[in-house]
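As given in Swiss-Prot:
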- 1-20: topological domain 'Cytoplasmic' (TOPO_DOM)
- 21-47: transmembrane segment (TRANSMEM)
- 48-58: topological domain 'Extracellular' (TOPO_DOM)
- 59-87: transmembrane segment (TRANSMEM)
- 59-66: intramembrane segment (INTRAMEM)
- 67-78: intramembrane segment (INTRAMEM)
- 79-87: intramembrane segment (INTRAMEM)
- 88-109: topological domain 'Cytoplasmic' (TOPO_DOM)
- 110-134: transmembrane segment (TRANSMEM)
- 135-152: topological domain 'Extracellular' (TOPO_DOM)
- 153-177: transmembrane segment (TRANSMEM)
- 178-183: topological domain 'Cytoplasmic' (TOPO_DOM)
- 184-202: transmembrane segment (TRANSMEM)
- 203-244: topological domain 'Extracellular' (TOPO_DOM)
- 245-266: transmembrane segment (TRANSMEM)
- 267-291: topological domain 'Cytoplasmic' (TOPO_DOM)
- 292-313: transmembrane segment (TRANSMEM)
- 314-365: topological domain 'Extracellular' (TOPO_DOM)
- 366-385: transmembrane segment (TRANSMEM)
- 386-428: topological domain 'Cytoplasmic' (TOPO_DOM)
- 429-447: transmembrane segment (TRANSMEM)
- 448-452: topological domain 'Extracellular' (TOPO_DOM)
- 453-467: transmembrane segment (TRANSMEM)
- 468-491: topological domain 'Cytoplasmic' (TOPO_DOM)
Amino acid sequence: MGWKEAAAPVLTRMPAVERPEGHVPFRRKMYWTGGVLVLYFFLTNVPLWGIQTAGNDFFGQFRSLLAGGQGTVLQLGIGPIVTASIVLQLLGGANLLGLDTDNDPRDQAIYQGLQKFLVGVMVVLTGAPMVFLGNFLQPSQQLAQSMPGGAFGVEVLIFAQIAAGGILLLFMDEVISKWGVGSGIGLFIVAGVSQSLVGGLVFWEGGVGSQGLLPTWFDIIVGNVSNMPPLLSGSGIEFLLMQAGILGLLTTLFIYVVVVYAESVRVEIPLSHARVKGARGRFPVKLIYASVLPMILVRALQANIQFLGQILNSTLASMPTWLGVYGGNGQVTGGLFYYLAPIYSPNAWMWWTSGATAARWQVLIRIAIDLSFMIIGGAIFAIFWVETADMGPDATARQIQNSGMQIPGFRKNQGVIEKVMERYIPQVTVIGGALVGLLAVMANMLGTIGNVSGTGLLLTISITYKLYEEIAEEQMMEMHPMMREMFGGGD
């Protein structure tokens, strides 16, 4: 008996959100999407009951990307979902699952059940060390005195809350995927990054360097900034670029323009209908063919590596210096985990500034590792993404063949169409994945409004762009119901 036969009775009965029986009207989809987003914002502001303080956010640079809230019910964010996706993509890429998710409905149900099971496992593997080992969430000593089991009982209560939040986020994503518009994970990332961007623009407390861009410039204009250097001097230019937020603003605008332009760059393969004379179309192969979503997987892998370092630092009595050196604030400052940590702000690599602590050679090695990790990892995960999302040459050729279309000048044969697609899709996938990885590192190094991670900004712009396209498509199907069949919208 294989693993499928043994696991099928359990995996096919995993809880799931029921699929709609027919076409869901656009307005109802927007209601579902808006309702889930309101619930998401509510949960990111519900503090965990039983913690002493939220503590230092050791994963602040990944917070917007993982769409979580420090010290809240959504402490884990989409981390377990993304990590489970990484495991599934690696297993599927190595052909170890033996599942035909394209043609066999039973294998599809097993795959979806396996995904939910792995998410549950990752919730435990991520949440348990965070509560019981890492001291990231300190239990309230006052509550521990009146709680059965003392501090351990409070820790169990905290773990139950973040585990429930992680599982609830999985089903919220499923609700949007089946009943709403877009992807739940994508919308949660957009929501988290948008909060940071708005705060980076209008936050009015904390003084220059820690408040928003608009209040900072208001203080500069009215002369409300103490010890401000002459603006035309070297220190004044550094002040304008770094503390006044000019560099972050320019980087944000630059990334926005590049991503929107890259989304519009495409190779269009002409198509014609085999039976309907004059019916023509084009199949677009975009420069960012795999989208920027594979970057979530790359950054999540980096986040898990840093999480392992934090766990080792808090549990080992004396951590080897070659492995990692951690400061009083919990941030890594040396060792292997330092070089594997992503660059997430200008201060992390500008060794000539006053706040720099690392030597030039250390910074250069770290930049080289981060660039290599993101560019190579972006290309590899883009390939995995294309294959698992049925966007590869074989799946695309099959979809074109089944739609009755063909490439003019070629025989109406799936193998012929596949060979034409192989000229473009694999190469564009690798180039697009590497380009997105490079842009993510550049955005992190130069800084953005609200200190949003470069990957989070890339994802937000790209997801918003695709969401706009999806909404336009949905409205077209509402206006012309006959278009649903062409887009696969059902009855």
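Glycine residues also receive a Cβ, built from the backbone N, Cα and C atoms like all the rest.
As the structure is a computational prediction, the values presented were derived from the model and not from experiment.
Contact between the transmembrane segment (21-47) and the transmembrane segment (153-177) is present: at least three CB pairs lie under 8 Å, with pairs separated by 6 or more positions in sequence. Between the transmembrane segment (453-467) and the listed ranges 59-87, 110-134, 184-202, 245-266, 366-385, the one holding the most Cβ pairs under 8 Å is 184-202. If one looks beyond the transmembrane segment (184-202) by at least 6 residues along the same chain, the residues whose Cβ comes under 8 Å of a Cβ in the stretch are 33, 36-37, 40-41, 44, 63-65, 67-68, 77-78, 81-82, 169, 172-177, 212-215, 245, 248, 252, 293, 296, 448-452, 456-457, 459-460, 463-464, 466-467. Away from its own ends, the intramembrane segment (79-87) comes close to residues 66, 68, 115, 118-123, 126, 166, 169-170, 173, 185, 296-297, 300-301, 303-304 of its chain (Cβ-Cβ under 8 Å, at least six residues beyond either end).
The helix, strand and coil residue counts that DSSP assigns across the topological domain 'Extracellular' (203-244) are 19 helix, 0 strand, 23 coil.
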